Amino acid sequence: MSSLLVDNIGELVTNGAGEGPLGIRRDAAVLVEEGRVVWVGPSAYAPAADRRLDAGGAAVLPGFVDSHAHLVFAGDRAAEFAARMAGEPYTGGGIRTTVGATRAATDDELRATVRRLRGEALRQGTTTMEIKSGYGLTVADEARSLRIAAESSTETTFLGAHVVPAEYADRPDDYVGLVCGPMLAAAAPYAKWVDVFCERGAFDVDHARAILACGQAAGLGVRIHANQLGPGGGVRLGVELDAASVDHCTHLSDADVDALAGTALSDGSGTRTVATLLPGAEFSTRSPYPDARRLLDAGVTVALATDCNPGSSYTSSMAFCVALAVREMRMTPAEAVWAATAGGARALRRDDIGVLTPGARADLVVLDAPSYLHLAYRPGVPLIRQVMRNGVTP
Ligand code: NIG
Ligand code: FE
């Protein structure tokens with residue numbers, strides 16, 4: 001059994017015991033064995049190890065956990081982005097454009113895109129990335145999307161209910177039947193989660209409830225795209241179904257915030273559902289950002305993710321989302337870094353990632369900076385010096 005000591009860490013973000021909400025330790029070291037953290041402590045008292053990685057006084061933090069990404073697609077929508085920047089609104093209507101391109105692509109073309117984007121994210125410090133289907137929308141195309149996604153992640157999500165495809169436009173009930181029946185059956189072997197785009201123009205609350213319940217019955221965990229483009233019942237539906245996460249949360253009522261904060265539960269036990277905010281989407285659609293402060297002040301657990309997709313948010317950079325959250329959503333740098341690491345882990349119901357404490361996976365990043373603060377303070381600068389996943393430098 002070979003061990004590795006990462007030492008001479010000027011500032012270690014553990015998200016566990018330590019100073020402040022990030023559990024910071026200074027002049028620290030981390031001992032790794034068989035892909036796991038086995039010891040964390042002062043660098044001066046570090047145990048001997050077979051190999052050593054000298055962090056040179058830099059900051060080390062848990063690898064980013066990107067809990068929301070749509071990587072299985074073909075083509076891009078750069079022209080749609082340019083039109084938006086010239087004043088066109090975002091409606092989600094472009095999803096069907098990507099569906100057409102995705103259906104026409106070969107398996108190898110889709111695989112190459114997933115690998116390219118997964119590699120791009122990894123180099124930027126993302127050690128866990130959820131990957132959704134949702135641009136196939138036939139039984140065969142959703143199944144192959146998830147088969148390809150599962151080659152790159154264990155966190156795979158069936159999003160057959162992304163939009164109603166054109167061929168079902170005048171019979172959405174039939175499409176919901178397809179999603180709950182043969183499509184779910186074909187997709188479930190490759191999926192861990194089920195998701196629905198619950199929004200005007202996509203799926204209403206009744207359809208979303210039916211699809212999520214079928215997915216749950218097939219053994220999948222629940223997540224939901226909710227309240228992105230306007231108000232609606234999606235967030236409350238997610239809480240009702242004990243979704244791991246409700247994602248976007250841009251247009252929230254007091255009742256939505258209460259439901260997420262758990263105050264609507266009579267026994268006051270609270271909800272486990274995380275609110276995942278996706279500021280890359282508001283950036284790329286030039287929309288008002290979600291009110292993160294309102295959620296945090298109400299005690300809601302907040303995660304940050306990229307929403308990486310060719311339409312509303314074509315970024316794979318968690319550091320960019322951290323910077324947006326701090327500058328545009330008034331999160332503190334500490335809140336944003338927690339949300340992009342431990343928060344993402346909560347949104348995936350994982351306790352082995354997003355933290356650097358004994359027993360956790362050795363997924364970490366060494367920054368080219370003395371503090372996590374620099375992620376927001378130096379936006380757009382490539383600050384990830386080294387990435388380790390499962391104790392190995394990829
Ligand atoms: O999460 N909102 C729905 N789905 C994606 C956007 C998909 C697209 O525009 O292609 C999202 O933002
Ligand atoms: Fe999304």
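Backbone N, Cα and C define each Cβ position, glycine as well.
Annotated domain 'Amidohydrolase-related' per TrEMBL: 60-391, in sequence order.
Marked as Zn(2+) binding site by TrEMBL: His68, His70, His225, Asp307. Within the same chain, residues at least six positions away from His225 (Zn(2+) binding site) with a Cβ under 8 Å of its Cβ are Asp195, Val196, Phe197, Cys198, Glu199, Ala202, Gly234, Asp247, His248.
Taking the Cβ of His70 (Zn(2+) binding site) as reference, residues of its chain lying under 8 Å away and at least six apart in sequence are, in sequence order, Ile131, Lys132, Gly134, Tyr135, Leu159, Asp307, Cys308, Asn309. In the three-state DSSP assignment, the secondary structure recorded for His70 (Zn(2+) binding site) is coil. What TrEMBL lists as Fe(3+) binding site is His68, His70, His225, Asp307.
Sequence annotations record features per position, and here TrEMBL assigns 4-imidazolone-5-propanoate binding site to Arg77, Tyr135, His162, Gln228, Ser312. Within the same chain, residues at least 6 positions away in sequence whose Cβ sits under 8 Å from that of His162 (4-imidazolone-5-propanoate binding site) are Ile95, Gly134, Tyr135, Leu137, Phe197, Ala202.
Annotation source TrEMBL lists N-formimidoyl-L-glutamate binding site at Tyr135, Asn309, Gly311.
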Least surrounded among the binding-site residues, given as His68, Arg77, when other CB atoms within 10 Å are counted: Arg77
Euclidean distance between Cα atoms of Arg77 (4-imidazolone-5-propanoate binding site) and Gly311 (N-formimidoyl-L-glutamate binding site), Å: 6
Remaining residues near the recorded Zn(2+) site, that is with C-beta within 8 Å of the centroid of the site residues His68, His70, His225, Asp307: Ala69, Lys132, Asp247, His248, Leu278, Ala281, Ala305, Cys308, Asn309, Ser313
Where the C-beta lies under 6 angstroms from ligand 2, the matching binding-site residues among Arg77, Tyr135, His162, Asp307, Gly311, Ser312: Asp307
Intrachain C-beta neighbours of Gln228 (4-imidazolone-5-propanoate binding site), sequence separation six or more, cut-off 8 angstroms: Glu199, His248, Thr250, His251, Ala281
